[in-house]
Amino acid sequence: MLQTISFFFILLLLDTPTLALFSHTPNGSPLTSTSFGIPGLNATFDYIVIGGGTAGLALATRLSSSSADISVAVVEAGSFYEITNGNLSVVPGYGPWFTGLDEDDWQPGVDWGFQTVPQTARATVDSFTRWATLVDDASYTWPSVLPYYKKSTRYTPFNASLYTNATNSQSPSSFTPPGSPLPVSFSNHVDAFGTWAQRAFQAHGMAGIAGFNDGALLGSAFGTFTISAATGARASSESSFLAAALARGTAPTVYVNTLAQRILFATPSSSSSPPRATAVRVSTAGTFGTPSRNYTLRAAREVVVSAGAFQSPQLLLASGVGDCAALRNLSIPCIAHLPGVGRGMWDHPVFGTAHRVRLATASAALNNASEAAAGVAAFLRRAAGPLSALGPGVYGWEKLPEPWRGGLSGAARRALDTGFPPDWPEVEWLPNNVLKGNASAPVALDPRDGTNFATLSTALIAPLSRGSVGIRSADVEVPPVVDPAWLTHPADREMAVLCVRRQREVWRWLVEQGVAEEEEYYPGDGVRSDEEIYEWLKGSLSTIYHASCTCKMGTRDDAMAVLDGEARVFGLEGVRVVDASSFPILVPGHPQATVYMLAEKIADRILDGLGKAGDGNLSTPVDAGCQQ
């Protein structure tokens, strides 16, 4: 019987002239399966987007949902995180799972498991002036990018009744009226340590401001999150943009579990013609040892690379786009000499000190099964409780103040003062209601001794160290060589040591308020001198997941620039890169919002070229997560 059914299906497939057997169900609603590609069959699309992440799905669905009558494919190496990682990727409070630096603290369904070379919100007005100057494109100034920041989001204000011991002030002009697919809101839980952190920040010069979405960051406030106020679930480009397009039958064709192996280029007709991208060689993974299927997806118009700060440069290099001398060493034919591919990586390194505290933190659920069960019940019944929050939700931003700034060398002060504009913060404060320790495995580090822990972390937001991404093989299944090069610049080392000392100043204030125990739990009294602090930092420093600038925008006279202001790769036709790797600088703030902005902006540029500017409507709200 199984053989007969299979044979019938094969005959039906061979007798069908198109990949989409049916586009709608009998009642007229779109058939979701129509939006998924069939592995192993060559196909042609107008646009192929490589990577179904934040930028890739936002851009792809704007294109596919337009009235331009264009076909779009998305090549995504993973699958749906709601399936491969369950509630750990959906419930905000489970966010720290599988985020540690330990090589065993990872989950293959949602994480590449890359290892680095061994190491010894929206942005600001002035930072976008710098971006526009570097790219020589005035459309990147703050007034021009703000509409694209607003375009993606569907904002729900905070529940004021929850903030009895804290102040949440947000600018009413930060968001447009609801209608866009991506929910932005606040958790339905106000963390006790967060309320005290807010007071501590304000007591140390970080005045309260009206949120972080109006082009100013210096100060402190509660941050907005991409979560659904109704369900409490985390939102993503998949649960918002793609879900909206699927519901309307306007989604791109998505190839899941499919890896882009390399971009294929047509031979130029003359020496003066640039190579043109014509296709992408891909492979769809088998299961449990079955071989993968290799096939080709052809691009009639463009290939858009949105594989992220590590894998966008990896794919370009494997396709022959990069430093020609380095490519020849790997026997990769050079298509375009762009030595900036994979170079100049920015990131925001983070580190923190921890104390026991006299209020309930995430330790309570780790120590007490009843507390954990109560948290689950609150989330399931009311989308509330500790699991609805990814940490305290309060942040502070500052230029390192006196007297600490006086501890910087003259060279470090000059580098910071001349390298960054006045509204660019140097330090971000991130309170955590958990013992982060050395970040090797955040969930496992709590000693579960019946006490509560909290961590005050700071991140360097004006780093001067630059990392890199390279390859050791033309095979993209061989992990890239990632070297973040944290603290390799002397000014970063000085700033990090002073930030630890300032953390301890803020902790002393919390001790005086009766919030924290006096003894520092981590790293402890054995780490005091500048040398001891630096040695400790080398083993405890981690990333805040803001890697960027590895395929940076710029102008043709910048030897390290890879892209122009429309994200087109220099020296090629039909290839763009749209993700955090495209940034010319890592603007301050959390880059997720800027990635969405960039995807919206470039989608608009593409549609404008097709005479469809402003098209790609996804305005009817579709809520987030697997609740649908």
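Note: Cβ is positioned from N, Cα and C throughout, glycine not excepted.
Any TrEMBL annotation is an automated prediction that lacks curation.
Pulled from TrEMBL:
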SIGNAL    1-20  signal peptide
DOMAIN    308-322  domain 'Glucose-methanol-choline oxidoreductase N-terminal'
ACT_SITE  His546  active site, proton donor
ACT_SITE  His590  active site, proton acceptor
BINDING   Pro591, Gln592  FAD binding site
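Here the features listed in TrEMBL are placed on the structure.
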{"residue": "His546", "record": "active site, proton donor", "Cβ neighbours (10 Å)": "22"}
{"residue": "His590", "record": "active site, proton acceptor", "Cβ neighbours (10 Å)": "20"}
{"residue": "Pro591", "record": "FAD binding site", "Cβ neighbours (10 Å)": "27"}
{"residue": "Gln592", "record": "FAD binding site", "Cβ neighbours (10 Å)": "19"}
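When the Cα atoms are compared, Gln592 (FAD binding site) and the residue listed as 'active site, proton donor' turn out to be 9 Å apart. The two recorded residues, Pro591 (FAD binding site) and His546 (active site, proton donor), have Cα atoms 7 Å apart. The separation of the residue listed as 'active site, proton acceptor' from His546 (active site, proton donor), Cα to Cα, is 7 Å.
Secondary structure of the domain 'Glucose-methanol-choline oxidoreductase N-terminal' (308-322) per DSSP (helix as H, G, I; strand as E, B; remaining residues coil): 11 helix, 2 strand, 2 coil. In this structure, His546 (active site, proton donor) belongs to neither helix nor strand by DSSP; it is coil.
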